[in-house]
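TrEMBL has this to say about the protein:
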{"type": "DOMAIN", "residues": "19-211", "note": "domain 'Major facilitator superfamily associated'"}
{"type": "TRANSMEM", "residues": "54-75", "note": "transmembrane segment"}
{"type": "TRANSMEM", "residues": "90-110", "note": "transmembrane segment"}
{"type": "TRANSMEM", "residues": "117-136", "note": "transmembrane segment"}
{"type": "TRANSMEM", "residues": "142-165", "note": "transmembrane segment"}
{"type": "TRANSMEM", "residues": "208-229", "note": "transmembrane segment"}
Amino acid sequence: MLTLLWLFQGLKIEVHDLKDSEEEAPLEEKGEKEKLGQPFRTVLFRTLFEEEMLVMVLTLFGIGCLMSELLYYSFPYLKDLKATTMDLNLYLIILAVGNFIGFLIIPKLVRLVKGPFPTIFILLIVLVLRFSLVAAFSNPKIISVVQILSIFDFPITETVSLEFVLKKSPKLVLTSMYGIINAVQYSLPECVGNTLGGYIYEKFGAKVLFYGCSVVAATLSLALVLWIVKRQIQETKRVREKNGQELTLVEKEYAL
């Protein structure tokens, strides 16, 4: 609801006065200063529909839908497999430990792979593996052990989304953009993923649901790789044109 208010009423949470910020930061970039003087909704929509931001939002939405299937249908699946209370507790403990470890190491991983999108790609590959293993095994204890891969789920989405929004969003819409990102990767996917997942679970069973999620994660990872390659080619083309260098055949195709 707060996000809708920000979008249509132009409301915003001001952590500090923007004029004071300009006085305290005289070396602030010119583009940022210009955005401070623009209408709130103009800056918000312009930021939201930038190519990188749009790709990040859509990818996080897809990941959120996938994660909601694990969140809501792992326990029914384990109960179908006659899991004991100890098995369910083991599942939760390993899941929590994985998340705890992940929040400690994922910031270093983001720096190591040099960017949010390669990190998201790693998460998608891990999801392919995780869904496949959960669907392949019928032993509750093995399925519980597989949850150690939770090192790469919420820690990556939380870390990457926060760093990306801080880097790409003007101060004027920073709080709103973070709210939108959270709504897109948590609230909305829970509605969509839970509804669709529930239908598949009831109609075809858990194994079909989890194998299907594995295919979706693989498709998302392929689409993300193609976009990253395209972006790198375009960036190289810009640099070559700026330096007056001859373009390669691939770069000439993108120039058409």
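Quick reminder: no glycine exception, Cβ is built from N, Cα and C everywhere.
As the structure is a computational prediction, the values presented were derived from the model and not from experiment.
Counting only same-chain residues 6+ beyond the ends of the transmembrane segment (54-75), those with a CB under 8 A from a CB of the stretch are 48, 88, 91, 116-117, 120, 123-124, 127, 130-131, 134, 143, 153-154, 157, 161, 164, 180-181, 184-186, 188-190, 192-194, 196-198, 201, 206, 209-210, 213, 216-217, 220, 224, 227. Residues belonging to the domain 'Major facilitator superfamily associated' (19-211) score a mean pLDDT of 88 in the model.
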